[in-house]
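Feature annotations, courtesy of TrEMBL:
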- 21-43: transmembrane segment (TRANSMEM)
- 220-240: transmembrane segment (TRANSMEM)
- 247-265: transmembrane segment (TRANSMEM)
- 303-324: transmembrane segment (TRANSMEM)
- 345-367: transmembrane segment (TRANSMEM)
- 440-467: transmembrane segment (TRANSMEM)
- 488-510: transmembrane segment (TRANSMEM)
- 550-573: transmembrane segment (TRANSMEM)
- 585-609: transmembrane segment (TRANSMEM)
- 625-645: transmembrane segment (TRANSMEM)
Amino acid sequence: GTPQKYDPTFKGPIYDRGCTDVICCVLLVVAIVGYVVVGVVAWTHGDPRKVIYPTDSQGQFCGQQGTPNDSPLPRSCLQFSLQFLISSPLCIPPLQICVNRCPDRYLTLLQAAASKEDLGYYRGFCAPTFQSLQKSVVEVLRDKECPAMIMPSTPLARRCFPAIRASKGVIMVGNQTTYDDGHGRRRNVTELLEGAKKANVVLETRQLAMKIFEDYTVSWYWIIIGLVIAMLASLTFIVLLRYLAGVMVWVMIVMVILVLGYGIFHCYMEFAKLKGEAGSDVSLVDLGFQTDLRVYLHLRQTWLAFMIILCIVEVVIVLLLIFLRKRILIAIALIKEASRAVGHIMTSLLFPLCTFFLLCLCIAYWASTAVFLSTSNEAVYKVFNESSCPFSGQTCQPETFNSSNVTRLCPDAQCLFAFYGGESAYHRYLITLQFFNVFMFFWLANFIIALGQVTLAGAFASYYWAFKKPEDMPAFPLFSAFSRALRYHTGSLAFGSLLLAIVQVIRVLLEYLDHRLKAADNKFAKFLLSCLKCCFWCLEKFLKFLNRNAYIMIAVYGTNFCASARNAFFLLMRNIIRVAVLDKVTDFLFFLGKLLIVGSVGILAFFFFTHRIRLVQDTAPPLNYYWVPILTVIVGSYLIAHGFFSVYGMCVDTLFLCFLEDLERNDGSAEKPYFMSPNLKKLLKKTNKGQRDA
């Protein structure tokens, strides 16, 4: 590309600018209107209760007000769907009945019919139409009014599943290994095992989730205190960078090395302490997956793996510091300049909260629309019959079924709930609407991120191009940049985010295809899919890099997206050495800063929640899993530190591009003075002619 030439009228971000990429702006508005329409239609037809609550064999919700199965009990949520796992060989769906509680004993309908007390208990697990045993047992079973037998069951997700447990390697349900199936046959409980296997996994997961929830209830305020400490540490670190950037960078490097060194030492001490203890030499492969993660901390191999990982990270960081030691000084100068810019625009530190709030709204709208779309299907009823019937498998309506010809030709036929579906045009295009929902989520999320980037870039560019800092800066640089971005460049931001959204949607489709092809043996297809995934991953990273720099040029010059992307790309290519070294070294130092904050807060949380700080040993709450609050504090600390340092990263990138433009436009003469700060000019041995003469 052609280097930028001197322009005497250029004094920073151009205020006299026009609208760019208007067509993309119109497309975005039309797409948002369509997205709102899709959401309204989904909310009109959808019913999230289909995901949460079970149904009986007639498709009616269990324990919901306004339904035939509304319980007279004060707590109707105690109703469960009693689903029997052994269905008819004629593909008749298993009987599902809404009950107030799960059964706690073995009992067959034939046994209950012989005892008034047992029949009263058994009636609680029959359909509402069953009042008394006026019909024979065979007729009751034929009419699907009661199950043939009940067994001890466990409630799970508002459903009753056999209470399967293992005792000394023997599978039992209710302390028995066999049961009467209600048809005069004895069955082994192992026949229920395959049907309830996944349910037991879910049950264990539910127990794990309940313990985690208990840990959150007793430690939530300590978690908040930890996150506040992380926020104060990040803010303090940024304030100190303004005055002690050089010292802070070197202290940060040393502290990261020391933190990693302590981690290696701690892992070694735990590894050595477990030597000779029973069960500590079991390998991770032999142990397999355990829901109680504390088991892994009693294995020597776990601490050995932690120690090896920390050693590798330590060696990589030390080698990078050795090879990049000469460039760290220049990176420190950029950080100092960014610190001054952030110091003059302190509101920029709070701007990520606005971006985060908008992203939360976008995620909430996408998730709610997806749920309502997925539950927009209608209940489909089909004819089921144990004998030969020409209407078997056809759709039917329960309201008119008893008066139709089907019951006359097939007396034992029933109209039962089969699944959720639909034959209307709306139901046929549900997949398309879900795809549109995902696409719009990516587009709007990328647009919100782009709006935040161009706003920060415009504010920091006004600082750099102020000849006298901060006297020549506008009164409200952040607000001015935000209003310019929305007023003139909504189309350009929509264009850049649209390109990125298309690539991300393609990546999602490739991941979906990869998931579907896992069971296939076509190695060529898997190889081709892996290559495509790799290529689109690289393309997404390149587009994010190009968009970020294009938004900076948009904020400064007010040009359209294509022109800004082209100018930014050529400017970076003309200074590829500086880009590869200075910019990336700065990113690496910011990463070390985040690592220091997260590591320090994480170690503090570890010592506190494991009762290893004597001063507050009795204050720490008792926990089922101490790693729950520790991981929460670590993840939250990283997000907080990332929010603060993302502002710094955008500031450095903006100042770096402006710095490269400054070097191309100006030469330091009286007619073409440099706009860079005195420290950068001194570091690069550049001065303005007037200063040289003085």
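Yeah, the Cβs are placed from backbone N, Cα and C, and that goes for glycine too.
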Please report, as numbers and ranges, the same-chain residues at least 6 past the borders of the transmembrane segment (21-43) whose CB is under 8 Å from any CB of it.
365, 368-369, 372-373, 376, 426, 433, 436-437, 440, 443-444, 447, 489-492, 494-495, 498, 560-561
Please figure out which one of 247-265, 303-324, 440-467, 488-510, 585-609 racks up the most CB pairs under 8 Å against the transmembrane segment (220-240).
585-609
How about the transmembrane segment (440-467) and the transmembrane segment (585-609): do they have 3 or more C-beta pairs under 8 A, pairs 6 or more apart in sequence?
no
Intrachain residues whose Cβ lies under 8 Å of the transmembrane segment (550-573), provided they are six or more past its termini:
1-2, 4, 12-14, 17-18, 20-21, 24, 450, 453-455, 457-458, 461, 465, 481, 484-485, 488-489, 491-493, 495-496, 579, 653-654, 657-658, 660-661, 664
Per the 3+ Cβ pairs under 8 Å rule, pairs at least 6 apart in sequence, do the transmembrane segment (247-265) and the transmembrane segment (488-510) touch?
no
